[in-house]
Amino acid sequence: METSIACYSRGILPPSVSSQRSSTLVSPPSYSTSSSFKRLKSSSIFGDSLRLAPKSQLKATKAKSNGASTVTKCEIGQSLEEFLAQATPDKGLRTLLMCMGEALRTIAFKVRTASCGGTACVNSFGDEQLAVDMLADKLLFEALQYSHVCKYACSEEVPELQDMGGPVEGGFSVAFDPLDGSSIVDTNFTVGTIFGVWPGDKLTGITGGDQVAAAMGIYGPRTTYVLAVKGFPGTHEFLLLDEGKWQHVKETTEIAEGKMFSPGNLRATFDNSEYSKLIDYYVKEKYTLRYTGGMVPDVNQIIVKEKGIFTNVTSPTAKAKLRLLFEVAPLGLLIENAGGFSSDGHKSVLDKTIINLDDRTQVAYGSKNEIIRFEETLYGTSRLKNVPIGVTA
């Protein structure tokens, strides 16, 4: 028998929201639960309840050891539900990732049908007309609230902790960039959503390595949901089918060497001679330039093509813009779970402690040799020099 997930479909009031406030903790965005439920249902492309696949339909690949069955590998063609049943035993995490998947498919539709004028791209959210990035923000907060497993959440648009009403013990905290690249929606470039999931009730004093999952929603010619679950090998791509379901279409476990580069913040080459030298190397060695100005597609291509490097370097006059919590750390987990490497110039971005919600950093993602070149060119040495491929430093 199918079991409904507590996400959008039940209309049950979430646990009471704390009224306590601090400088970093505020109450959630003011939603009327019943009306927001209706708005979300009407905003969805399909409006169907999410369902867990019957156990009899799960296609787990198993290996027997001492009489016990252990899932060792997922299968291409699985549904998102089937994959998550293998990827993690945590029902709460499965519910959260399913709810976020529902929000992503709705955002994809809203981005695709947005009206773009001279200053913004807008679409409807119930009776409101909102810029698509704010609409995405609201949808994601609602998804987390209705998951009933999210304690705190914050976003680039609302960079303060929002109490989602979930439990501390066994619950999660989520940070997200609702629509990375929103300024290029009107040009019809690919844009996307980024989010990271941490256990418990903290989004500061933690590292990217503490994440239990991270994901991107990618809205381009295809709509995909790319996710990584800590402890489960690979980074996995799900395609949104016409009937509104997510189907597993790709597993990436290795980022190989290949001449493809995506250089962000090139204005930093003006007064960062080392970065200028690195860019000159790519040009001299005839690397293929693949850069859109959207971080989601520029990093996603490394996972899909299984090669290349993305850089966003700072200088005295071109300061860091990328946020560690909302963008850099989640993408770091996606890249490293896929067999790649990340760096701030000295160490993996997953090893950087998030002190403030707005912490920013430079970053590079790519294959091992590309990250070695990045670190050596900018700082003269690399921690990865003697690290075997497949081992995270």
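Even glycines carry a Cβ here, placed using N, Cα and C.
As given in Swiss-Prot:
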type: BINDING; residues: ASP127, GLU156; note: Mg(2+) 1 binding site
type: BINDING; residues: GLU156, ASP177, LEU179; note: Mg(2+) 2 binding site
type: BINDING; residues: ASP177, ASP180, GLU327; note: Mg(2+) 3 binding site
type: BINDING; residues: ASP180, GLY181, SER182, SER183, TYR291, LYS321; note: substrate binding site
type: DISULFID; residues: CYS116-CYS121; note: disulfide bond
type: REGION; residues: 16-36; note: region 'Disordered'
type: TRANSIT; residues: 1-74; note: transit peptide
Most Cβ neighbours inside 10 Å, all chains, among the binding-site residues ASP127, ASP180, SER182, LYS321: ASP180
Using Cα coordinates, what distance in whole Å links TYR291 (substrate binding site) and ASP127 (Mg(2+) 1 binding site)? 37
For the recorded Mg(2+) 3 site formed by ASP177, ASP180, GLU327, which further same-chain residues have Cβ atoms within 8 Å of the site's Cβ center? GLU156, PHE176, GLY192, THR193, ILE194, MET295, VAL296, LEU322, ARG323, PHE326
Whole-number Å only: compute the distance from the Cα of SER182 (substrate binding site) to the Cα of CYS121 (disulfide bond). 8
Going by C-alpha distance, which of the recorded positions CYS116, CYS121, ASP127, GLU156, LYS321 is nearest to ASP180 (Mg(2+) 3 binding site)? GLU156
Can you tell me how far the Cα of ASP127 (Mg(2+) 1 binding site) sits from the Cα of GLU327 (Mg(2+) 3 binding site), in Å? 31
Go through CYS116, CYS121, LEU179, the listed recorded positions, and name the one with the sparsest Cβ surroundings, counting other Cβ atoms within 10 Å. CYS116
How many Å lie between the Cα of ASP177 (Mg(2+) 2 binding site) and the Cα of CYS116 (disulfide bond)? 21
Between GLU327 (Mg(2+) 3 binding site) and LEU179 (Mg(2+) 2 binding site), how far is it from one CA atom to the other, in Å? 11
Work out the three-state DSSP category of SER183 (substrate binding site). helix
By Cα geometry, the one of the recorded positions (CYS116, CYS121, GLU156, LYS321) nearest LEU179 (Mg(2+) 2 binding site) is GLU156
By a three-class reduction of DSSP, GLU327 (Mg(2+) 3 binding site) is assigned helix
C-beta crowding around SER183 (substrate binding site), within 10 angstroms: 15
State the Cα to Cα distance, in Å, between GLU156 (Mg(2+) 1 binding site) and LYS321 (substrate binding site), rounded to an integer. 12
Alpha-carbon spacing, SER183 (substrate binding site) to CYS121 (disulfide bond), which is rounded to whole Å: 9
